[in-house]
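**Student:** Take a look at what TrEMBL says about it:
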{"type": "BINDING", "residues": "A:63, A:65, A:212, A:300", "note": "Zn(2+) binding site"}
{"type": "BINDING", "residues": "A:92, A:145, A:185, A:215, A:300", "note": "substrate binding site"}
{"type": "DOMAIN", "residues": "A:54-400", "note": "domain 'Amidohydrolase-related'"}
């Protein structure tokens, strides 16, 4: 795709528009035109037939831990604390940079296949390899080296320095498709002074701070008992959550904390499936939206989901809150699509990403709409209530194809699946 | 597949077992052996290679309205009452037997593609055609002519007689793969005397009674205001819900009603996605299971879901209750699989269906497990938390293949999709 091209005869849907049959023109990594009908042929322009397809923005996953695809299905139906202590942490102890990289590669394959073009990834291993895979895969990514504040103060300072250096290196990647973030794990694994230090260093390097927060009721209750206020309020008051920070989960938060998040320009990553599966609870999405907090969607890891398919996540985010509120209009398809595309891109620091507009990056995907579970009509609801990651046929980032006709172009999928099976068997045998 | 055959080298999972690599033997419509490892070749037996596949029982959908696939996506994000009165009923008024049949065909295609081998179908149109399509498709089905008690008493009696005659004709279908049921729509559309008459006639013909009940809080509140008790308690006390009856939805029910359902042998069809999407609420599944009530899964219609994919329904049934209860063990994958297979078959009156055991009907499906969203391990959770209807490659009912390598063998899929698009456009133009 070195020539400019136009995708024709295609249904076009993003968070602000729906064109039943139209086209988009792509040149120099960007969308240069979007319109209805069928444009005349132009010399030097390649034409891609989008008949019986839907063209939509690539999806953006604002929270995950890519190496944990290796732990998919290792433990279902256990609550967060037991899941972590009895299953996940022992299994993770057997991971090293090399095996974690196999998991990251598997995650990237799964994400491209299911139409994700931009993802956040936090982990404590394999960060250089993750950055390399991010570059080679052709995706956009926001990468972070996760930190738990254990060890001596000196060790903690070194851990923080390594994490900041890593995030800075991502910000200046050759392709410009990587971003860096500073990600202390959570208030219950990082004391306030460590968080304050991390925040000061992040600010100094113009890096955003991401943190898991208010995921379970237990976390919130214990934080309140210790600090006299819930964690979100506490981190707002302490100046740790500020403009552009990302609060991941935010399941158990009250109205005044929501007001604080909005006033301080904090973003939220909503991960409904992980929160449900671990029994953590149900975040107040309608209330977060009512407060006009910028909310995006994350899958969390494949160990608590168990897929990285953002279509499943959109569907769940649209569904569950209607039932809880007993209000079918508590969410709507257009807003959910906005969360999964342009909101996510903004949150991860990618401008001009997530809409199908002139001047936006050509990050888009094609969906096969000629299927029994999708016909007879196409609209915003099709993408949220009927489609699945398995319906994605083509994926483009900055105009470059990463998948055509369901074939991956930047990743050796068969080898990666094989390596994942083998690595997983070796890890199981070593425990 | 006229010769007996053995599926080899396949992972075998049903609600009671998991064989990492084994085989099943099929002869004369039934499973005649299930085992581990690789059986020796036998003269006269065909061998099907199940490598990199999971073999599981076909899924059973205990509630739906097949013609309404034509209304998929016609109205999202509206509550049940407005959804029905403003959107669905006006659209349905334009349907006739012929167009409804197009919808039924589309539903059957979608169900086979997503691994469903047995389904319940209630509607007021196209019943003879639905029975014909049930037979031709090769699926198992429980069919009913839905009844709303409007018109004169004489008209109501005639409607009931037609419905009973229809259900009886299904019970005696040539293939033996159809069942009939008597389905008065709901307590709020059928007065008690009509329900009592329907129940007496159903009993007289040894037919089960199915009914939508306690779907919304409004329905329950209004029933209580009128009759002094909630609808489930009322219909139990009136002898309308008895052994083998099917209560569909049962979202808003109390503990003593659950005791009554159990004591009276009443089954429940749990339709979590439809209940969420319409804002009806969240049925107390963990409590229903705690009472040992036989619960199965239904998709309801594609107009309130918006697919007929029982994998999505399993995933939602497993997920949502964990979040509501804040208990990751509120449901578990094995129990959910039981609901979607053997429980459903029992509820719809199919014996020896829904498990992979010697003497059971050979109703089974194959899943492609060599995919990035499924590796690196296979267990019960794989089917509930990772797999999708789009992963189904092969479908067999009574040993007969309905789909091989994703190609439908009993339905003309392309024509059906085309007819659905055309019929839907005509209906829209006529309104």
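Note: Cβ is positioned from N, Cα and C throughout, glycine not excepted.
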**Student:** Using a 10 angstroms cut-off on Cβ to Cβ distances, just flag whichever of A:63, A:145, A:185 is the loneliest among these binding-site residues.
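**Tutor:** Least crowded of the binding-site residues A:63, A:145, A:185, by Cβ count within 10 Å, is A:185.
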**Student:** Just to confirm my parser: what is the rounded mean pLDDT across the domain 'Amidohydrolase-related' (A:54-400)?
**Tutor:** 97
**Student:** Within 8 Å of the Cβ centre of A:63, A:65, A:212, A:300, which other residues of the chain have their Cβ, at the recorded Zn(2+) site?
**Tutor:** A:64, A:122, A:248, A:249, A:269, A:271, A:274, A:298, A:301
**Student:** Taking only same-chain residues 6+ apart in sequence, whose CB is under 8 Å from that of residue A:300 (Zn(2+) binding site), what do you get?
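**Tutor:** Set apart from residue A:300 (Zn(2+) binding site) by at least 6 residues yet with Cβ under 8 Å, we have A:63, A:64, A:65, A:271, A:273, A:274.
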**Student:** Enumerate same-chain residues with a sequence separation of six or more from residue A:92 (substrate binding site) and a Cβ-Cβ distance below 8 A; give 'none' if the list is empty.
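**Tutor:** In sequence order, the residues whose Cβ lies under 8 Å from that of residue A:92 (substrate binding site) (at least 6 apart) are A:68, A:71.
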**Student:** May I ask for the distance between residue A:145 (substrate binding site) and residue A:212 (Zn(2+) binding site), taken between their Cα atoms and rounded to an integer number of Å?
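**Tutor:** About 14 Å separate the Cα atoms of these two residues.
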**Student:** What count of other C-beta atoms do you get within 10 angstroms of the C-beta of residue A:65 (Zn(2+) binding site), across all chains shown?
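**Tutor:** Neighbour count, Cβ to Cβ under the 10 Å cut-off: 26.
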**Student:** How many whole Å apart are the CA atoms of residue A:212 (Zn(2+) binding site) and residue A:185 (substrate binding site)?
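**Tutor:** Distance between the two Cα atoms comes out at 6 Å.
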**Student:** Near residue A:215 (substrate binding site), how many other Cβ atoms are within 10 Å of its Cβ?
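**Tutor:** The Cβ of residue A:215 (substrate binding site) has 25 Cβ neighbours within 10 Å.
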**Student:** Determine, from DSSP, whether residue A:215 (substrate binding site) sits in helix, strand or coil.
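**Tutor:** Reduced to three states, the DSSP call for residue A:215 (substrate binding site) is coil.
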**Student:** Have a look around residue A:212 (Zn(2+) binding site) and count the other CB atoms within 10 A of its CB, chains all included.
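**Tutor:** There are 25 such Cβ atoms around residue A:212 (Zn(2+) binding site).
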**Student:** Specify the secondary structure state of residue A:145 (substrate binding site) as given by DSSP, simplified to three classes.
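**Tutor:** Residue A:145 (substrate binding site) sits in a strand per DSSP.
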